[in-house]
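The next block holds one structure in the form of structure tokens; read it before the comments.
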Amino acid sequence: MKLQLALVLCGLTLALGQIVPRSSWCPVPISPRIPRLMVPVRLIIIHHTVTAPCFNPHQCQLVLRQIRADHMRRKFRDIGYNFLIGGDGRIYEGLGFGIRGEHAPRYNSQSIGIAFIGNFQTGLPPSQMLQAARTLIQIAVQRRQVSPNYSLVGHCQTKATACPGRHLLNELKKWPRWQPKP
């Protein structure tokens, strides 16, 4: 109980649906050279990582490091996503709020990118992942990082790609702020 209270007081709670700080999986701070976003943004772009899924903090942190390393090899400045959703129902901070991602060319300067860890071309994400994404969006609106009148789209709506997977895209189409075009 004391440890849990200490974590909550420090803002590091690991309860389901809460944001796990970047520092828990990546010791490297975000470069000050990465541009800031003009907030609130009006667009949320949903992705899937097409990696192995993860179902506990240790697995998810390993996958996050692999994704960041892959993005860096591809000459990104850092991990490309603002946030990632683990199969454990946790929200993992990538670049976080207010930092310009590298997840959807032509839209990076006006959006945040949320990636579901795994491949959702063949199946739907677990319900805890979907709920975590909804929670993150609520947090983003409450913190005035995302406009209350935001549009929600899948990555495939910004370029020719299968991302975020057909099952996840079909689910997103049921969400209230989903739009057919960015």
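Heads up, the Cβ atoms here are built off N, Cα and C, so glycines get one too.
Record check: Swiss-Prot places His47, His155 at the Zn(2+) site, and the matching candidate among Cys60, Cys163 is Cys163.
Taking His47, His155, Cys163 as the binding-site residues under consideration, the smallest Cα distance to Cys60 (disulfide bond) is found for His47. If you measure from the Cα atom of Cys163 (Zn(2+) binding site) to that of Tyr81 (site 'Important for catalytic activity'), you get 13 Å.
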